[in-house]
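To start, the structure itself, in structure tokens.
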Amino acid sequence: MPEQPRRPSDQEQNQSETGPPTNKRRRIGLACNACRSRKSRCDGQRPSCSSCLSLGFDCMYEPGDSATNVIVRKDYVTDLEQRVSSVEHNLQRLNDVLKGHLSPCTNANTSPCHHGTINAGPSMPSPAPTAPTKASAPSGARTGTCATSLEEPQDEEGIPNGMAMTFVEEKTSAFYGEASNINFTQLLLRAIAVAHDSPGAPSGLDRASVLGESVVASVSQSKSSLGGTATPFDSLPTALPSVEEMDTLLDLYFDTAGVVFPFIHEETMRKTYNECRLNGFTRARRTWLGTLNMVFAMASNFDRDYTTSSKKRFERSNIFYKRAMGLCNELSKRVISLEIVHYLILVVLHCQGTSRSVQAWNNYGLVIRSAMALGLHAESTERALNPVQKEYRRRTWVVIYCLDKVLSTAVGRPASIPDEQMMRREPSSGRSPATSGNAADLPGDFLAVSFRMYQVMSKSLVIQYGANLDHDSELDEMAHLKASGELRKQLRLWAANLPPHLQLCDVESDVLLQNTKANRLRVILTMRYHNLSILIHKPLLSATILHLFRQGDAANDASSYLIQLAMAEAHECIRSAQLTIDIVHSVITVDATSKNNLGVWYFTLYYVFTASLVICGRLLWAQHGDTVVDEASASHMRFLLGKAETIFLNLDHENSLVLSCLEYVRRLSRMCGIRETGPDAASASIHDNGSNSTGSADAMSFDLDNMDPFQLFASEMFDPAIFDHFNQSPVDGMSFVNGLWDGFPCGG
């Protein structure tokens with residue numbers, strides 16, 4: 001019989017009634033949208049319920065219109081409070097860090113952080129647009145283009161370091177060797193100290209203590225901005241001006257700098273430019289676009305038809321320069337190509353015309369390494385190339401060689417390319433492979449003859465200046481005479497073998513005033529010739545000053561036969577300086593525009609400034625070289641310095657670099673021309689100097705913005721220790737140490 005189910009006893013029934021209640025379904029105040037639409041159970045977890053997590057749905061909670069009293073769990077509110085508290089704590093810590101980092105930047109005029117912000121490049125650019133964009137051009141009145149399909153560079157300087165670190169102001173130390181103008185000026189200043197019986201003057205102006213010493217100048221970094229405030233469009237590396245402006249700048253470059261330094265093939269450059277212009281610059285090589293911007297930067301720097309104000313031209317040029325930096329600055333350190341080498345050469349040339357002399361030298365080192373890595377020095381790398389490519393690779397290497405000698409002379413540092421590496425690398429003269437028929441290649445001829453002239457300069461640097469190596473061995477007067485005579489013979493032989501269309505011109509020649517491309521090259525060659533002649537004969541002028549300005553009995557010794565010969569040969573240096581000033585003065589007084597035959601203004605500035613220093617040396621010789629003043633020579637030297645002042649005043653307008661050279665030559669010439677140190681003599685000398693010049697110091701616009709380049713000049717060339725205990729200054733009769741350096745921003 002089946003077993004009957006047992007009925008629970010009364011005790012068991014009572015226990016079940018008083019026991020814990022059974023679990024009921026927990027109701028939530030608001031279900032998520034997915035669970036409500038599926039009509040499934042929702043556990044109400046935030047931010048995502050378990051059902052949505054398992055099914056991969058987006059969990060969203062949206063109260064309905066009738067949900068006026070939504071129940072929110074206490075644990076959810078507690079979790080929100082903890083998260084808010086954590087965020088507030090992190091923000092407070094970050095705020096404390098930023099306070100320590102930004103507190104030194106409150107003073108915008110003196111803060112190193114502020115200066116670093118100004119000198120930094122453009123901030124991190126936004127992504128390039130997907131189509132050509134029209135915006136304001138650098139001129140502010142024209143439409144512009146923005147190249148696309150380019151990777152935007154990242155500016156690391158614009159990223160905060162987050163370390164609450166404050167950088168102190170850096171100092172720049174530079175060595176200027178025996179061939180530099182700075183070293184020659186140091187010799188003149190020591191001779192001035194001897195002439196005025198300064199107790200702090202060296203006991204003897206021997207070559208080991210003067211010409212052979214290291215001239216190291218510590219100068220502060222410039223605190224002024226290098227350009228005007230750029231618009232967001234200008235800060236884009238891919239931004240370009242209007243087509244009309246680009247065409248004008250291209251024509252200007254290939255008519256000026258492209259003729260003097262013909263290392264870029266114009267036809268190839270214009271072909272690529274036209275292709276990019278037709279496609280709206282939607283596809284362009286980064287290296288080519290960077291080179292194009294450097295071409296624009298150079299052209300706009302000496303485009304005086306755009307504006308006569310150098311400040312405005314520089315602001316415009318600096319926009320293109322920064323764009324080129326944004327495109328190729330980092331790329332040039334890891335990519336080897338001919339376009340990168342061209343870009344770097346243009347950077348070096350551009351920096352020579354600005355206050356970026358340190359950048360010019362540093363970038364030139366990168367030019368050398370990139371060119372050698374590309375094999376421009378080797379003929380074997382050209383076997384698979386066509387004649388045009390071979391020729392322009394060779395021209396690029398020759399331009400680098402010429403720049404090597406120019407920079408080595410200007411700053412007095414060892415050259416990087418020995419003459420042995422130029423074997424069979426001379427550019428072809430006559431007809432270029434790019435020209436058709438019998439058309440002459442004027443830029444190619446000019447580069448070929450310039451190359452041979454710079455080979456003579458290279459020999460002068462090695463033989464006469466010890467390759468600018470701070471060497472202990474010194475040449476005696478006989479060795480200087482022999483070296484100068486041999487190099488002068490080579491230089492004159494070079495001039496005699498010039499082709500008819502590139503012959504040198506004299507002061508009275510009509511070539512100076514007939515503005516043609518060939519005549520401009522002839523004038524430039526003439527200035528280069530006289531500048532090299534100054535370099536060859538300057539050791540003899542230095543030897544003369546060393547002999548004349550010796551303290552004690554050495555100054556009264558009878559001059560030897562060799563010293564007499566050195567003095568006679570030193571006049572060749574003075575003659576070349578005089579011809580340089582006369583030629584430039586003849587051109588600039590008739591035509592002061594950029595279309596004259598002088599070429600790029602900053603190379604003319606270098607030639608005239610070098611010649612002016614030589615004239616100052618001859619003025620010092622005439623005033624203090626003997627017991628009797630050579631009044632005729634002193635008067636003629638002052639007349640030449642007056643011409644040089646006219647050149648500086650007309651060479652450019654509102655140009656701080658030109659004004660710095662003018663101010664420096666003025667003050668140095670006053671120091672060389674004062675016979676006594678009394679206030680009356682100083683006043684008389686200043687009056688005489690002003691009467692011989694065409695412009696007055698008061699009329700010159702030399703504001704605070706222009707003082708920074710002069711401060712660099714003065715701190716590099718002046719050594720205040722020379723005039724220790726020299727109570728009277730040769731200028732204005734003021735205390736030299738306590739007054740001159742406080743009144744003039746020369747530094748120390």
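Glycine too: its Cβ is placed from the backbone N, Cα and C atoms.
The shown structure was predicted, so the numbers you read here are calculated from the model rather than taken from an experiment.
According to Swiss-Prot, the feature DNA-binding region maps to residues 32-59, out of the candidate ranges 32-59, 88-115, 144-171. Per DSSP, the secondary structure of the DNA-binding region (32-59) breaks down as 12 helix, 0 strand, 16 coil. In the predicted structure, the DNA-binding region (32-59) carries a mean pLDDT of 86.
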